[in-house]
Amino acid sequence: MRSLSSLNSICIDGGCFVKYQDEVKNSMVKKLCVRASVAKSVPRNLEIKAQKSEKLRIGVLGASGYTGSEIIRLLASHPNYQITLMTADRKAGQSIGSVFPHLVRQDLPDMVAVKDADFSSVDAVFCCLPHGTTQEIIKGLPSSLKIVDLSADFRLQDVAEYEEWYGQPHRAQELQKEVVYGLTEICQLDIQNARLVANPGCYPTSIQLPLIPLIKANLIEVKNIIIDSKSGVSGAGRGAKEANLYTEIAEGIHSYGVTRHRHVPEIEQGLSEAAKSRVTVSFTPHLMPMSRGMQSTIYVEMARGASTEDLYQHLRHFYEKEEFVVLLEKNEVPHTRHVRGSNYCLINVFPDRIPGRAIIISVIDNLVKGASGQALQNLNLMMGIPETTGLLSVPLFP
Ligand SMILES: NC(=O)C1=CN([C@@H]2O[C@H](COP(=O)(O)OP(=O)(O)OC[C@H]3O[C@@H](n4cnc5c(N)ncnc54)[C@H](OP(=O)(O)O)[C@@H]3O)[C@@H](O)[C@H]2O)C=CC1
Ligand SMILES: CC(=O)N[C@@H](CCC(=O)OP(=O)(O)O)C(=O)O
């Protein structure tokens, strides 16, 4: 994984490299004002592989699902990509407008079954399929294709751990070796050279973005990390089960996966790598009566001598050149409603009443930074396109 210091603070403005302007860094409001003209955090040696004139051809596997439709929405305004292939399973043969009326004006091919897809018509694919089905499908794709996989099938480096937590054999172990984990702000340099990126889970994204820099800087103890996370219902996908019906979700919240959720090994993998020692966490997810959004509230013990101010300043400095990870002003509480529909992750750090402990709050939109937005950010990097391209839309509010 790269360290932030290995990046040069330059940006691309109208196709020309310009020095990044320090004064735009301090608040999200300022960032939103300048972002139309300034894209940032592009490594100095980045070659612009994709010319504006030639659009890269994109396949969306699982276009009839929530993350697939979110990719389509984001790509609709992307200058460098055009969708030339879309697949579905039960909805194969249908048009996107008939499945998702909000996409009716998009000029797109009808969805086909994966077995009928012509992969010679694409340069890259977003794989938005259920875990378990993904490995076999990716194994059958041409090796020339760039792939961002949104499922969990390639996220765990240890195949035995995958088999234990996902309860099935890993069917593409030979590919696992070339996979790059796609937590963009942390693994940026590796992602640029990757062919196959495992996009992180939504919970792991909201948790690792604040914790990895703090662990690397030895500002928090790696024991006794307690994580309480909450997700909107779209996190469960469109294949609605009884438990996800409006009548079962509205007017209440509940925890699930208590003591054992499949994102635990992914979270611990990232934190352990940062700590260079085995880290275990207490993690409990909750289902919230909202369509999208995710909050992780993280309780940590600070390292001896460290203060919440140290944690805050370190995170602020670490992410100051990153467009999408924003440390709010002190005492401002991150709200999921302030990231809806956007690729932003808002973070803040608060003192706990118990001396020596701190509370970190992180919010994302599970379908954007937690899935399709981060996937697009990763493909941009893989294709040598400025990372923020197609991702700068302002969050929806109210
Ligand atoms: N929802 C979220 O917030 C997040 C999801 N993810 C991951 O992204 C992936 C997609 O999630 P999501 O979009 O929510 O899921 P959905 O259930 O909404 O969509 C699944 C898609 O896969 C297709 N599909 C289902 N089974 C098969 C199969 N056997 N062969 C081929 N295609 C199939 C479906 O087609 P059809 O509609 O025709 O049945 C649909 O297009 C999953 O791995 C998920 O865990 C990751 C991060 C966040
Ligand atoms: C609300 C809900 O059910 N969320 C899903 C996690 C979201 C998701 O899609 O997980 P991946 O990122 O690993 O694919 C769950 O708890 O299983």
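Placed from the backbone N, Cα and C atoms, the Cβ positions cover glycine too.
Feature annotation from TrEMBL assigns domain 'Semialdehyde dehydrogenase NAD-binding' to 57-194.
In the three-state DSSP assignment, the secondary structure recorded for Cys202 (active site) is helix. Contacts of Cys202 (active site) defined by a Cβ separation under 8 A and a same-chain sequence distance of 6+ are given as Ser231, Gly235, Met294, Ile364, Asn366, Gly370, Ala371, in order along the sequence. The active site feature in TrEMBL is assigned to Cys202.
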